[in-house]
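For reference, the structure is listed below as structure tokens.
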Amino acid sequence: MKKSIVYEIMETKSSMYLSQFRLWLCFIITTLVSLSSSTRWYDDHISLKEIHAEETFHFPKNFLFGTASSAYQYEGAYLTDGKTLSNWDVFTNISGKIADGSHGKVAVDHYHRYPGDLDLMEDLGVNSYRLSLSWARILPKGRFGDVNMGGIDHYNRMINDILKTGIEPFVTLTHYDIPQELEYRYGSWLNPQIREDFEHYANICFRHFGDRVKFWSTFNEPNVQVILGYRTGTYPPSRCSKPFGNCSCGDSYIEPLVAAHNIILSHLAAVNLYRTKFQEQQRGQIGIVMNTIWFEPISDSLADRLAADRAQAFYLTWFLDPVVFGRYPREMREILGDDLPEFTKDDLKSSKNALDFIGINQYTSRYAKDCLHSVCEPGKGGSRAEGFVYANALKDGLRLGEPVGMEEMLMYATERYKNITLYVTENGFGENNTGVLLNDYQRVKFMSNYLDALKRAMRKGADVRGYFAWSLLDNFEWISGYTIRFGMYHVDFSTQERTPRLSASWYKNFIFQHRALSKDDWCLKQKEDTNFFLI
């Protein structure tokens, strides 16, 4: 027998054995991944039978698994490439405003380090990344100045790199931060002029990035923005009045309503612009992201059940009802009367089809106690501005089972807004900065519990199409500074080194287990990969 024939036979056998070995290795990996599921950390909250039932759930093929961030909390580079001061740049420079006296001038330096951070996302297996744009980086002086092409070029590069990684950008126009110029010039959200500025800004973003961005949200948590900025004064522009806070100026009863109204009108203007000039060609979607709290009646009494409804009206539906139905919630209209701004006929015209989706940021739940027909303790909330509701995390010293709030909130939005598309745009767990904690079991337990609740809502019919973990990295956490850590990756803020926590491995395994691609298909894919062993 010729040597060439012998070598050919040996090569064929080797190839066959190698192919079989790949299949066996794939089986072993799949088994190990299944054994390393989240059930070992959360078997105290549901039975083993229920866990197995949950594990059979597979998300739709186009479901978005991702992580979320915001410009001010991540980017740093606060005066780089033509950017000027934002409201948060100015606010964090005021003594006593931030818990540890810190700021976001560097943050996690995502502006320069995002390519490496995209590698981390790719390793996790996510297929989407929720980020926000810095308004002050694109329009340093609002509509009163030129477009900063340094900012445009940066975001163009970043969006292109995100897409090259196989990840879908999910972009928010503003996540609390605005050019400080607009605050100096006319008082930002307290002035109707802000609508023109926001529409101008949205137009530039749609024009420069919309050919590649298929998911837009106008605002992130405008309810938090106006409550903390204009009622308690703990966020910029730090306006309030007693008894809500001790600010140098402001009106905690009226100004939140005015700011909210101008935000709603700005949202409607941006959506109308996108619908009429961009959506048909760009084929994207546009929505809004809200902070949500599930309010559970503290008792079965009618008064407390109605209080829970009022709590939602004065927190969530305050913004969503005008956008969807063209009017403020009935509970707000009954209590606030003429203090509540009115919508004109022209406003209502643009409110039709004003949402393709609602983004749900869900972290917590509260008990709601009636203060309209009952006496509440002084200093415990429950004012007219809050709908005469006292919201508390505890009942008889015990905390509400918070993961239930995810399921309840998703079903509430589904029923109230007629099966609208939903994305869980933020969900995560913060821990005090007590050193390098890499075995973050509490975060794993939190995420797995909430994701189980999300699955249950989907089984009941909620049209949930994505989940974004907050967050990939530890970052600047607003007035808490760097005292709280939310990252699946620990960040050493002195060196910017990223180190994976247990939650990063857990989330990676969760995505692998639950995406629509079956494990058999995944194994076949690996069998065909000629570089499978070169790792």
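Cβ atoms are placed via backbone N, Cα and C, with glycine included.
Look at Swiss-Prot and you will find Glu221 tagged as active site, proton donor. The active site, nucleophile feature in Swiss-Prot is assigned to Glu426. The feature beta-D-glucoside binding site is assigned by Swiss-Prot to Gln73, His175, Asn220, Glu221, Tyr363, Glu426, Trp470, Glu477, Trp478, Phe486, with similarity to another entry given as support. What Swiss-Prot lists as disulfide bond is Cys240-Cys247, Cys371-Cys376, and the listing cites similarity to another entry. According to Swiss-Prot, the feature N-linked glycosylation site maps to Asn93, Asn246, Asn419, Asn432, an assignment based on sequence analysis. Among the features that Swiss-Prot reports, signal peptide is placed at 1-38.
In sequence order, Ala68, Ser70, Asn361, Ser471 are the residues of the same chain, not among Gln73, His175, Asn220, Glu221, Tyr363, Glu426, Trp470, Glu477, Trp478, Phe486, whose CB sits within 8 A of the CB centroid for the beta-D-glucoside site.
With the fewest other C-beta atoms within 10 Å around its C-beta, Glu221 stands out among the active-site residues Glu221, Glu426. With the fewest other C-beta atoms within 10 Å around its C-beta, Tyr363 stands out among the binding-site residues Tyr363, Trp470, Trp478.
Sequence-distant neighbours of Asn246 (N-linked glycosylation site) (same chain, 6+ apart, CB under 8 A from its CB) are Gly233, Cys240.
Annotated pair Cys376 (disulfide bond) and Glu221 (active site, proton donor), C-alpha to C-alpha distance, rounded: 28 Å. Reduced to three states, the DSSP call for Gln73 (beta-D-glucoside binding site) is helix.
On the backbone, the CA of Asn220 (beta-D-glucoside binding site) and the CA of Asn93 (N-linked glycosylation site) stand 23 Å apart. Between the recorded positions Gln73, Asn220, Asn432, the minimum number of other C-beta atoms within 10 Å of a residue's C-beta occurs at Asn432. Cα distances from Asn432 (N-linked glycosylation site) to the recorded positions Gln73, Asn419, Glu426 are smallest for Gln73. Separating the Cα atoms of Glu426 (active site, nucleophile) and Tyr363 (beta-D-glucoside binding site) is a whole-number distance of 8 Å. For Trp470 (beta-D-glucoside binding site), the nearest of the recorded positions Asn93, Glu221, Cys247, Cys371, Asn419 in terms of C-alpha separation is Glu221. In this view, Cys240 (disulfide bond) is surrounded by 24 other Cβ atoms within 10 Å of its Cβ, with every protein chain counted.
Between the CA atoms of Asn419 (N-linked glycosylation site) and the residue listed as 'active site, proton donor' there is a gap of 21 Å, rounded to the nearest whole number. Of Asn93, Glu221, Cys247, Cys371, all annotated as recorded positions, the residue with the shortest Cα distance to Tyr363 (beta-D-glucoside binding site) is Glu221.
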